Amino acid sequence: MKDAIKQLNDIDNKLHAINHAQAIIYWDAATGAPKNSVEGRANTLSILTGEYYQTLVNETFDNLLKELAEQKDALDFVTLRKVEEFRNEYDKIAKIPVDMYKAYTADQAKASVAWEEAKEKSDFSIFAPHLEKLVDYNKKFIEYRGFQKHPYNTLLGDYEKNLTTDELDEFFSELKHTIVPLVTKINASHVKVNNDFTKLSYPIDKQEALNKDLLKAIGFDMDSGIMAKSVHPFTTNFNRHDVRVTTRYFEHNPFSAIYSTIHEGGHGIYEQNIGEALDFSTLGTGTSMGIHESQSRFFENIIGRSYPFMAYFFPIFKEAFPENLKDLSLYDFYLAVNKSEQSLIRIEADELTYSLHIMIRYEIEKLLIENKVLVKDLPALWNKKYEEYMGLIPENDAEGVLQDVHWSEGLFGYFPSYALGSAYASQFAHAMRKEFDLSEDLKKGDFSRIKDWLRTHIHQHGRLLNPSEIIEKTTGEPFNPKYYTEYLKEKYSEIYKLKD
Ligand SMILES: [Zn+2]
């Protein structure tokens with residue numbers, strides 16, 4: 001059996017190395033590669049995808065997994081989890097022909113470039129043929145892989161194990177019934193939040209220094225990570241000693257960079273604190289997109305937009321930009337970062353209305369997969385939904401249907417994890433507060449206890465525990481959106497002085 005375990009670990013290590021190589025190429029594409037690099041990148045990524053496929057899908061590996069599964073009672077926990085995860089991955093990928101899988105990777109790379117151009121020119125027709133291809137691939141994948149109850153469930157499960165449209169319909173309906181009435185009341189509230197000071201000039205070089213310090217302060221280890229710039233902020237991880245985050249800067253909106261830094265920092269801290277036993281293993285990463293988002297949103301919103309954190313951060317911000325904040329009070333500063341309003345751009349949305357943006361995408365993706373809408377009709381459908389949920393219609397496709405990167409990368413079923421992550425974060429925060437008072441630590445800018453708690457309960461496990469196991473073990477109950485809806489009601493009723 002020792003031999004079999006060694007073989008398993010060797011293959012795991014090789015798959016991890018292929019992932020590493022692919023991730024570096026994606027990182028490079030997003031942070032500096034020239035426009036004309038796309039053909040070469042598509043070719044290399046497609047070869048690496050083929051290599052990944054052949055390493056995973058072959059009779060020898062199939063037999064090895066079967067042999068180890070038969071002795072599962074004698075396996076240590078890490079090996080057992082590897083066997084289970086590889087079995088799932090094997091069964092998923094083996095159903096798709098290798099050539100199709102390789103072609104898909106190459107077309108994804110081309111779609112990304114087309115999307116960038118389409119967005120720049122605000123011309124959906126440039127992207128539409130590529131998007132049609134990616135949607136068709138995904139429908140084919142569902143055919144090959146099969147589905148339970150709803151075809152979209154197969155895609156959802158890739159990002160959040162066992163997640164279904166039934167659960168999401170219920171979750172989103174609950175959110176809708178909480179958020180929509182709050183938005184209506186906020187629109188009628190006598191409290192008008194003034195954030196004019198955020199529109200003054202904030203030199204980018206000063207912003208860069210501030211964001212780097214902030215990232216370090218919240219617990220991101222700069223010896224095992226770097227921060228760069230990209231059009232869309234993101235995090236990528238090769239192993240716990242090499243985690244990379246990006247942000248972007250606007251001279252007249254410093255909070256865009258600050259909150260994307262804190263957000264990506266939350267993702268990065270998760271990856272830097274995976275347990276040592278999972279080094280160079282494909283299990284040595286975050287367990288799901290939803291849990292990942294729970295970490296980034298915990299830092300960004302629950303901590304980063306809280307009053308105690310603002311008490312710590314206000315003097316720091318004021319020292320960096322004294323001329324812009326002369327007469328501003330701490331409370332006004334707190335209100336400004338929590339200003340809520342209906343808007344068109346998801347990544348600039350406030351904490352409360354954010355999930356409405358996600359609901360729109362969820363509803364559209366479901367219709368796409370059900371063949372109830374065609375790609376060419378997406379801009380009109382998009383605008384209709386924004387009018388319905390936000391009372392606003394985008395002026396062009398760049399600020400409408402073309403705004404997000406996800407579909408250009410073939411990511412369908414990914415968006416719901418953002419809203420789920422916010423809800424998980426509230427449930428985790430509730431559990432953490434039973435053990436200690438976060439606000440005392442935050443006022444002092446001391447993140448060590450918070451980081452330790454997250455490492456112990458969530459980060460260190462990597463993919464050894466699945467999302468529902470982590471939630472139950474950490475909070476003592478299954479996922480419960482009530483913590484999130486209560487949190488939103490309480491926070492925004494207080495800020496906008498709302499009555500029931
Ligand atoms: Zn995120």
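Just so you know, the numbers here start at 1 and follow the chain as drawn.
The backbone N, Cα and C atoms fix where each Cβ goes, and this holds for glycine too.
No curator has checked TrEMBL annotations; they are predicted automatically.
The shown structure was predicted, so the numbers you read here are calculated from the model rather than taken from an experiment.
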In TrEMBL, the residues HIS263, HIS267 are said to bind Zn(2+). Which of GLU251, GLU276, GLU293 is said to bind at that same site? GLU293
Would you list, in sequence order, the residues of this chain other than HIS263, HIS267, GLU293 that have their CB within 8 A of the centroid of the site's CB atoms, where the site is the one recorded for Zn(2+)? THR235, GLU264, GLY266, HIS292, GLN295, SER296, ARG297, PHE299, GLU300, GLY421
I'd like the Cβ neighbour count for GLU293 (Zn(2+) binding site), meaning other Cβ atoms within 10 Å of its Cβ, all protein chains included. 28
Measuring Cα to Cα, how far is GLU264 (active site, proton donor/acceptor) from GLU293 (Zn(2+) binding site) in Å? 9
Need the DSSP three-state call for GLU293 (Zn(2+) binding site) to compare against my parser. helix
